[in-house]
Amino acid sequence: MSDTPFGDADHPRPAPIHPDAVLPPPMSSQSADNDPTEALNEAWTNILTKVSKPNRAWLSNTTPVTMHSSTAMVAVPNEFARDRLESKMRYELEELLSDHFHKAIHLAITIDPDLELALGAPDHEDEEEEVPPAQFVPKVTVGVTEPSARPTTTIDDDEGNRLNPKYTFDSFVIGASNRFAHAAAVAVAEAPGKSYNPLLIYGGSGLGKTHLLHAIGRYVMSYYDNVKVKYVSTEELTNDFINAIGTNRTTEFRRSYRDVDVLLVDDIQFLQSKIQTQEEFFHTFNTLHNAQKQIVMTSDRPPKLLEALEPRLRSRFEWGLLTDIQPPDLETRIAILRRKVAAEKITVEPDVLEFIASRIQTNIRELEGALIRVTAFASLNQQPVDISLAEVVLKDLIPEGRETPVTPERIIAETADYFDISADDLLGTSRAQTLVTARQIAMYLCRELTDLSLPKIGAEFGGKDHTTVMHADRKIRALMGEQRQIFNQVSEITNRIKQY
């Protein structure tokens with residue numbers, strides 16, 4: 001890749017969104033009483049009466065999506081329409097939106113190819129064609145952009161990328177709880193360094209933040225030539241830095257993190273209290289941001305709540321766009337389960353999926369875990385997957401009454417007690433089969449029953465690497481559908497934990 005920034009004179013990078021940009025006067029009471037989507041619909045209708053007739057024709061092809069803090073999200077049918085709004089109308093629209101809401105509003109533009117072009121849309125055959133920056137050229141030319149419509153190419157998941165092929169925009173289920181985060185991720189993937197920089201997605205564990213992070217990386221690499229994407233967890237970033245210091249290879253470390261076009265950092269909250277790593281990341285952030293290279297991060301909370309993070313880093317994390325992901329609503333949970341059974345090629349009746357979705361309301365990971373338990377139980381007993389079976393399985397998973405939060409300490413203690421071993425042995429390194437099985441089940445239950453990320457679970461198990469936790473999770477999931485003993489062990493330990 002060239003060192004030339006993504007933005008250029010013809011494609012200026014939008015000004016970053018900053019909390020200090022919000023003006024004192026409050027939003028009008030009329031708009032404030034509506035939900036964000038209704039408020040934006042009202043504003044958009046008002047704006048259509050104030051723009052020129054040619055611009056009104058262009059705006060008739062747009063659809064207001066939602067409001068998030070000081071950002072208004074609108075959808076257009078294709079790249080040409082987006083470029084038109086970006087280059088010719090952005091500042092006028094932002095000014096009109098700001099006037100309407102009585103505060104500074106940033107316009108976010110995403111592409112929805114399902115939108116039909118209005119019959120009266122202006123003819124743009126004579127419009128001057130804009131050429132993308134030389135260093136960021138698409139592999140093919142397409143008229144309509146949508147993540148699923150992009151060309152599919154082979155991505156080398158080398159050490160610098162390690163992007164999960166299952167985590168794509170196509171496989172991400174969109175609902176009210178994540179719609180804005182998804183739209184922001186797509187916007188960043190389509191125009192790295194131009195839309196929002198940095199983009200920080202925050203929310204509880206198991207809600208899809210990592211999925212979007214990988215989807216951005218895979219999308220960029222599939223569509224653009226010679227682009228360098230680096231995905232890393234904060235734990236790995238810290239370990240890389242410590243190893244670089246110990247081996248006098250800090251120059252190589254800096255090159256590996258700064259000579260990239262898109263840097264994806266997972267679980268940035270774990271940077272807290274790591275003073276030297278924060279210092280190094282501060283300079284890496286500045287280098288990439290000044291070169292208009294894209295930075296995307298995830299966190300379990302917004303920057304202002306990362307109290308053990310240096311203020312200058314918290315401030316920089318707020319330069320771009322902050323967007324959260326909430327637990328999915330019932331409709332989204334059902335859609336997630338439908339997608340899961342289709343991917344796994346298993347048959348589950350709709351009423352069973354609705355029943356499972358109604359019982360699991362916390363996060364996607366636990367939702368999919370419940371489905372796995374139900375289908376595994378049915379497979380072991382050669383029974384059809386029906387509601388009565390689901391009730392039996394989920395009764396132990398979610399007992400009636402008020403439930404206290406599950407902690408890794410409780411999971412470790414109950415698992416050790418079940419296998420009649422000490423907690424120290426369970427957390428140790430012995431490869432004795434009983435200890436390995438107990439350790440893997442405990443890791444699986446931590447993954448399913450808590451909000452802890454993979455690196456955090458690894459830390460609870462004596463500093464195990466996150467890949468060890470991932471392997472344990474996958475292995476136990478598979479064995480539950482194959483070995484009755486494993487299924488019973490997991491179910492009995494879960495029941496003990498839930499009845500604590």
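Backbone N, Cα and C define each Cβ position, glycine as well.
Look at Swiss-Prot and you will find 1-37 tagged as region 'Disordered'. According to Swiss-Prot, the compositional bias 'Pro residues' annotation covers 14-27. Swiss-Prot lists 162-378 with the feature region 'Domain III, AAA+ region'. Among the features that Swiss-Prot reports, ATP binding site is placed at GLY206, GLY208, LYS209, THR210, with the record citing sequence analysis. Positions annotated as region 'Domain IV, binds dsDNA' by Swiss-Prot, on the basis of sequence analysis: 379-500.
Taking the features listed in Swiss-Prot, we show where each one sits on the structure.
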| residue | record | contacts (Cβ under 8 Å, 6+ apart) |
| --- | --- | --- |
| GLY206 | ATP binding site | THR362, ASN363, ILE364, ARG365, GLU366, ASP451 |
| GLY208 | ATP binding site | PHE172, ASN178, ALA181, ILE325, ILE364 |
| LYS209 | ATP binding site | ALA181, ILE201, TYR202, GLY203, ASP266, THR298, ILE325 |
| THR210 | ATP binding site | TYR167, ASP266, THR298 |
Residues in the region 'Domain IV, binds dsDNA' (379-500) grouped by DSSP into helix, strand and remaining coil: 84 helix, 0 strand, 38 coil
Mean per-residue pLDDT computed across the region 'Domain IV, binds dsDNA' (379-500): 84
Residues flanking the ATP site, with Cβ no more than 8 Å from the Cβ centroid of GLY206, GLY208, LYS209, THR210 and excluding those residues themselves: GLY203, SER205, LEU207, HIS211, LEU212, THR298, ILE325, ILE364
